[in-house]
Amino acid sequence: MAAARPLLLLLAALGPAGAVWPQPLRQLSPPAAGRCPLSPGLFRFSYASGSAVGPGCAVLDEAFQRYRALIFGAARSAESKQPWRKPCTELSVLVSTPGCDGFPSLNSNESYKLHISRDSLLLYADAVWGALRGLETFSQLVGRDENGTYYVNETEIVDSPRFPHRGLLLDTSRHYLPLKAILQTLDVMAYNKLNVFHWHIVDDPSFPYESFTFPELSKQGAFNAMTHVYTASDVQAVIEYARLRGIRVIAEFDTPGHTQSWGPGAPDLLTPCYLGKDPSGTYGPINPILNSTYQFVTSLFQEVGAVFPDYFLHLGGDEVDFTCWKSNPQIRAFMEEMGFGGDYTKLESFYIQRLLDIVSSLGKGYMVWQEVFDNRVKVRPDTIIHVWKNSPPYKEEMANVTKAGYRALLSAPWYLNRISYGQDWMAAYQVEPLDFTGSPEQKALVIGGEACMWGEYVDVTNLAPRLWPRAGAVAERLWSDATVRNLQDAYVRLASFRCELLRRGVQAQPLFVGYCDHEFDGF
Ligand SMILES: *[C@@H]1O[C@H](CO)[C@@H](O)[C@H](O)[C@H]1NC(C)=O
Ligand SMILES: *[C@@H]1O[C@H](CO)[C@@H](O)[C@H](O)[C@H]1NC(C)=O
Ligand SMILES: *[C@@H]1O[C@H](CO)[C@@H](O)[C@H](O)[C@H]1NC(C)=O
Ligand SMILES: *[C@@H]1O[C@H](CO)[C@@H](O)[C@H](O)[C@H]1NC(C)=O
Ligand SMILES: *[C@@H]1O[C@H](CO)[C@@H](O)[C@H](O)[C@H]1NC(C)=O
């Protein structure tokens, strides 16, 4: 007796080879498509003549190597004596805009065109970032016939993302994630065409970021200051690894709440809580009434703003608990002095307002969690409001945020740390980010979304299986056209893509009953 009723037709071989995840905008296959056999020994990627970038462009040079390895694995060139069709031995890449050394941004152009015929294999892109997406697509189109020969079917693909911000949040405070786990996650993000790594790097439980301005923060705030920290060179490694995959790194230093781990390394930063007339020995959120607090955050964000090259920093601002502030007599006196009455959201706003001004003056843009908007903090017009709450319904919040003219980023329905029995990727897949009441102008303010993997119950042992392929459901929702929502079709392609992830060495969990030709073999 099966434990669960199959929701969908079980497909023996788990879907067709060559189905691309996330689904491209347009794909035309000629009715009687021919195929190009590919030789592991002879096949190469090259820069087309006329391309604005050429050899020496690290983003593409390294991508060419990665994708050769991903497509052919360890396959050797033994059979290269065969008469391979010349045109099938080379995929030429033509990038029309120069630029290789920069960082991807919210405005990067990720569009590309892929032309696969027996006469030529061509990839066109506006920028290197689109070329990376096209190489990923090409790698997913390659199959093997019954004799083990690699080949790619003739096809034409025109592709570009629906939303420019397609993120994944990892939480390295509740559990420390080793550098290797972060780098592997970046690899799999690229396979899914996700383009923003939201690094929720510190929080209440631990402070693993090694600051050179304030080294005591991690010395005293990390789980282990030797082994459970991200050094400056670790952080640089993450940023460069991400850049080479067209992924932005947005660091989050959440304040004034979620800062317990900051306390030991930053005297007087946190608010002392009181029990009656005496300090209780415990601490609350950052103390918003001291000048020294603002000196501290200025110096810290000066550093963080320089270390992380993305224009945006994520400043948090969520879930501030007022209990401690209320207990503290100096804070109460300040409230009175400022005329805030008993409204502690005003005190929170007072802090956030000053923080935002500090970060603006550093030449950085910011993203904040929705409470900052809900509490009517005056934010800059280019602020991105990150919607995460489910009650009241997130659709209402998306409507309110965009009505006020701010750009919105959706995460509320995509807390993938939450799991349940069955195919819970489907709920994530069926979300429609623009399904809220609002004008076309409001809808245009939605820049995308992020899947979140909060770390209470997640460390390196279960990170990959919990993320993949479930985060792929979010990736397709954010990349593919709104009309791509058929669950049966998505199941077949996602199951097939998950098999491809196993082949690439990713410990991705199954969707349902079935098997893969290449099972996970990472022991
Ligand atoms: C190539 O096309 C054939 C015929 O449509 C299909 O059966 C096969 O799965 C395709 N292979 C790949 C790798 O796309
Ligand atoms: C990206 O580049 C392509 C090709 O040059 C162009 O057609 C498209 O409009 C660009 N998209 C954006 C968002 O700039
Ligand atoms: C596989 O090899 C057999 C024997 O050489 C040959 O007859 C058959 O056409 C090959 N299949 C393909 C798809 O090339
Ligand atoms: C804090 O700074 C303000 C403005 O610079 C100044 O007026 C005030 O006296 C300072 N407060 C303390 C306690 O130093
Ligand atoms: C959205 O705005 C309306 C009107 O101001 C308000 O009643 C409602 O509570 C807001 N919804 C959310 C989720 O904040």
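Any Cβ shown, glycine's included, is placed from N, Cα and C.
Annotated signal peptide per TrEMBL: 1-19, in sequence order. Feature annotation from TrEMBL assigns domain 'Beta-hexosaminidase eukaryotic type N-terminal' to 20-141. Here TrEMBL flags C57-C100, C273-C324, C499-C516 as disulfide bond. The domain 'Glycoside hydrolase family 20 catalytic' annotation in TrEMBL covers 163-481. Annotated active site, proton donor per TrEMBL: E319, in sequence order.
Features as recorded by TrEMBL, highlighted on the structure.
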| residue | record | DSSP class |
| --- | --- | --- |
| C57 | disulfide bond | coil |
| C100 | disulfide bond | coil |
| C273 | disulfide bond | strand |
| E319 | active site, proton donor | coil |
| C324 | disulfide bond | helix |
| C499 | disulfide bond | helix |
| C516 | disulfide bond | coil |
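When the alpha carbons of E319 (active site, proton donor) and C273 (disulfide bond) are compared, the span between them is 17 angstrom. For the pair C57 (disulfide bond) and C324 (disulfide bond), the Cα-Cα distance reads 53 Å. On the backbone, the CA of C324 (disulfide bond) and the CA of C100 (disulfide bond) stand 50 Å apart.
Cα to Cα, C100 (disulfide bond) and C516 (disulfide bond) are separated by 37 Å. Put simply, C273 (disulfide bond) is 53 Å from C499 (disulfide bond) when counted between their Cα atoms. There are 22 other Cβ atoms within 10 Å of the Cβ belonging to C57 (disulfide bond).
The domain 'Beta-hexosaminidase eukaryotic type N-terminal' (20-141) scores a mean pLDDT of 92 in the predicted structure. Here the Cα atom of C273 (disulfide bond) is found 56 Å from that of C516 (disulfide bond). For the domain 'Beta-hexosaminidase eukaryotic type N-terminal' (20-141), the number of residues in each DSSP class (helix H, G, I; strand E, B; coil) is 37 helix, 27 strand, 58 coil.
By neighbour count, meaning other C-beta atoms within 10 Å, the densest spot among the disulfide-bonded residues C100, C273, C324, C499, C516 is C499.
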